[in-house]
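Asker: Dumping what TrEMBL says about this protein:
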DOMAIN    10-138  domain 'FZ'
DISULFID  C91-C115  disulfide bond
DOMAIN    141-268  domain 'NTR'
Amino acid sequence: QHPGLAFDFGQFTRCVPIPRHMGICQDVGYSEMRLPNYLGQSSLETQVVPHSERWRPLLETGCHPQARVFLCSLLAPICLDTFIQPCRSLCAAVRDGCAPVLACQGQAWPDVLDCDRFPGHDDMCGCPVPLKDECLPRATCQDCPATEEFPSLKSTMDAICLNDFAVKAKLARRRFASTETEFEVEGRLEFVRQGPLLLYDTRTMLEQWLLINPHCAQALVRPGRAQLYLVTGRVRPDGTLALALLFPWHKKDVNLVAASRKWKHHQC
């Protein structure tokens, strides 16, 4: 038995189809899994599937592009003639990306996923797939940004000048928590200052920021009621996205409207 893993490599195992309702492990490149899995779970309905759903909120943050592959290699290991565990390097890469997100949410990286427990590259193991680095900004854990109600025209223009981007976005929170994402960005995004952001990627990044920083998100938007904001922020040297100052966009706020119009011809 591998130290720390609740799995005996000498025990009898069987192959079963990955259940359709085990959503996080669909489309992973194979359709049959081994039971018991590498966490020692032998019941699909009472252990494996419920456990897999507990990881969904973390995966929705996009904390690491290989997180789903890593978790499914343990929860729903591929059924081959030999046992294939995830490599230590894959575990370490996912841990380095996702442990800070768990910490931001008040949780520790689980002991059962201690990366020293997984084989190195000299042994047979599942390695991470090399990914193309597109240098896109990514959301991260941060102190909650300030908000300013009914700002002056000058303070709004200063905030846009001092930051890399400013985007008009409607933040929403579902009234009742479910297995789906609790926070989301509704409707169309409108850039005042685009900076290094990409239009098609910004919605995802903002939603990931809300999921990674739920204590901040809960203060920004009430359940069942969306709030429109002018969101300003910057991209740090390490490629992480940091929100700086948010302005609630009220219909009667003439200064925000004026700032968004004047910016096109403004010089900081």
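Yeah, the Cβs are placed from backbone N, Cα and C, and that goes for glycine too.
Small disclaimer: the values here were computed from a predicted structure and weren't measured.
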Asker: Ten-angstrom check, please: count other Cβ atoms within 10 Å of the Cβ of C91 (disulfide bond), all chains counted.
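Answerer: So the Cβ neighbour count for C91 (disulfide bond) comes to 25.
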Asker: Give the residue counts of the domain 'NTR' (141-268) per reduced DSSP state, in the order helix, strand, coil.
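Answerer: Residue counts in helix, strand and coil order: 43 helix, 40 strand, 45 coil.
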Asker: Where does the mean pLDDT land for the domain 'FZ' (10-138)?
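Answerer: Here the predicted model's pLDDT, averaged over the domain 'FZ' (10-138), is 86.
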Asker: Once the chains shown are all counted, how many other Cβ atoms turn up within 10 Å of the Cβ of C115 (disulfide bond)?
Answerer: 17
Asker: For the domain 'FZ' (10-138), jot down how many residues DSSP puts in helix, in strand and in coil.
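Answerer: DSSP composition of the domain 'FZ' (10-138): 51 helix, 14 strand, 64 coil.
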